[in-house]
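Here the structure comes first, spelled out in structure tokens, and everything after it is commentary.
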Amino acid sequence: MPELELESLSHRKIHPDEDIEIKKSGDAVEDPIHQALTDNRTRKQKNTEKIQFAALCWCLFLAGWNDGSTGPLLPRIQDVYHVGFTIVSLIFIFACLGFVSGALANVHLTDRLGFGKTIILGAVLQIIAYTIQSPAPPFPVFVMAYTINGVGIALQDAQANGFVASLRNNSETKMGLLHAAYGAGALASPLVATQFSQLRQWSFHFLVSLGIAVSNIIILYIVFGFKTQDECLRLLGQEVSEKNEDEQSSFKQILRVKAVHFLAFFILVYVGVEVTIGGWIVTFMLDVRGGGPSSGYVSSGFFGGLMLGRVLLLWVNKKIGERLVLFLYAFLAIGLELVIWFVPSLIGGAVAVSIVGLLLGPMYPVAMNHAGRVLPNWLLTGSIGWIAGFGQAGSAALPFITGVISSKHGIRSLQPLLIAMMGCMMILWYLVPSKRHD
């Protein structure tokens with residue numbers, strides 16, 4: 001039988017670049033023949049891949065933990081520092097500065113320092129930020145720490161996404177699981193942050209974050225060290241093609257690709273919607289629906305749905321097709337936002353928020369997978385790094401806009417704002433090319 005299988009495969013002409021094309025050409029399913037041809041690695045190599053992937057999942061868990069902490073703490077931050085919606089929203093603006101700076105620096109740092117040093121640098125910056133925030137310093141210093149944290153998260157997010165997108169075996173499933181780890185962090189942190197928000201030493205929540213950040217940098221150093229991405233991939237038994245001078249992942253070349261811009265702005269709006277819901281839904285439930293201190297758990301419900309959606313809906317993505325399924329999810333999410341807006345029910349709203357999280361969950365990993373299909377392979381890591389880093393700015397810019405509008409029109413304006421953002425998301429996804437244009 002093995003001889004027959006090899007003989008049948010020998011009649012098939014394989015282009016040198018087909019290993020990329022087979023994987024990326026399908027809408028959601030990788031070619032099983034490609035898997036059979038390439039996954040002949042040793043057990044040690046497969047175990048190394050699992051360990052590396054687990055380390056990156058923990059890295060994304062911390063990013064989710066960070067984003068999920070903000071919502072339950074916002075009312076307490078306003079109370080402690082005596083600031084309104086607009087001033088407290090500076091948290092998001094300073095975080096935005098960090099995300100954009102990290103995204104801009106990522107391509108150059110990757111070329112100069114390599115994967116290992118860049119992702120560890122990001123982890124160091126997070127440790128610095130949480131150390132500053134733990135003693136509840138004056139508000140300007142507290143807010144400035146969000147910029148440092150933003151740079152750190154942007155670097156780690158870019159490197160982790162680029163690394164997983166470069167994997168040859170089941171990269172689409174791994175991308176979903178990677179971002180499910182983000183959802184798990186964002187699910188867990190509101191449970192802890194809600195408790196700390198009711199304590200006198202509320203800022204000690206950042207000591208918990210600091211502990212996770214320290215464990216993150218230790219794991220990253222042990223697993224990756226200061227190796228480049230190519231060196232790490234070779235440890236997995238994955239062949240890495242050498243780049244010539246014309247195929248260097250320069251920032252200028254990345255910005256010449258139209259698909260990069262559409263994907264970057266789609267991710268920016270998506271992440272903005274995600275963090276705006278997680279960050280402001282607690283305030284909405286408190287002020288509009290009359291919820292008590294336990295309203296912080298609504299944020300956990302949203303991020304719990306986000307995590308589950310990235311795993312449970314994988315089969316739906318494959319069945320319908322990743323490009324089309326995003327339109328379906330967006331339509332359903334808009335419908336549920338209308339329910340939250342017009343139905344004056346605390347419990348009903350909380351359940352609807354969780355289902356919105358479930359529907360939004362698959363969108364980020366699907367977009368990253370699609371990037372692998374429409375972008376040139378030799379620009380893929382740098383491009384995904386820019387898309388992920390630039391997109392993280394949405395987690396700061398859109399929640400800030402929400403805060404400014406809420407200071408004038410009240411937090412009731414949250415739902416129409418979210419519906420408008422989701423509509424914008426659908427338009428941007430429509431503009432993203434469906435095929436690679438070489």
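Cβ from N, Cα, C; glycine included.
The domain 'Major facilitator superfamily (MFS) profile' annotation in TrEMBL covers 52-436. TrEMBL lists 80-107, 114-132, 138-155, 176-196, 202-224, 262-285, 297-317, 324-343, 349-367, 379-401, 413-432 with the feature transmembrane segment.
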Long-range neighbours of the transmembrane segment (114-132), counting only residues six or more past its ends (CB under 8 A): 59, 62, 66, 102, 106, 141-142, 144-146, 148-149, 151-156, 159-160, 163, 206-207, 209-210, 213-214, 216-217, 220-221, 224-229, 232
Cβ pairs under 8 Å between the transmembrane segment (80-107) and the transmembrane segment (349-367), at least three: no
Which of 176-196, 262-285, 297-317, 324-343, 379-401 contacts the transmembrane segment (413-432) most, counting Cβ pairs under 8 Å: 262-285
Chain residues in Cβ proximity to the transmembrane segment (176-196) (below 8 Å; excluding those fewer than six residues from its ends, i.e. six or more beyond): 53, 56-58, 60-69, 71-73, 160-161, 164, 202-205, 208-209, 278, 282, 293-294, 296-297, 299-300, 303-304, 306-311, 314, 357, 361-362, 364-365
Sequence-remote partners of the transmembrane segment (379-401) [C-beta within less than 8 Å, at least six residues beyond its ends]: 67, 70, 89-90, 92-100, 102-104, 106-107, 110, 150, 153-155, 157-159, 161-163, 165-166, 229, 247, 249-251, 253-254, 257, 260, 263-264, 266-276, 279-280, 367-368, 371-372, 417, 421
Spatial neighbours of the transmembrane segment (202-224) far in sequence, C-beta under 8 Å, 6+ residues away: 51-52, 55, 58-59, 61-62, 65-66, 69, 73, 76, 80, 115-116, 119-120, 123-124, 126-127, 130-131, 133-136, 189, 192-193, 196, 232
Same-chain residues near the transmembrane segment (324-343), Cβ under 8 Å, at least 6 residues beyond its ends: 316-317, 349, 352-353, 355-356, 359-360, 362-363, 366-367, 415-416, 418-419, 422-423, 425-426, 429-430
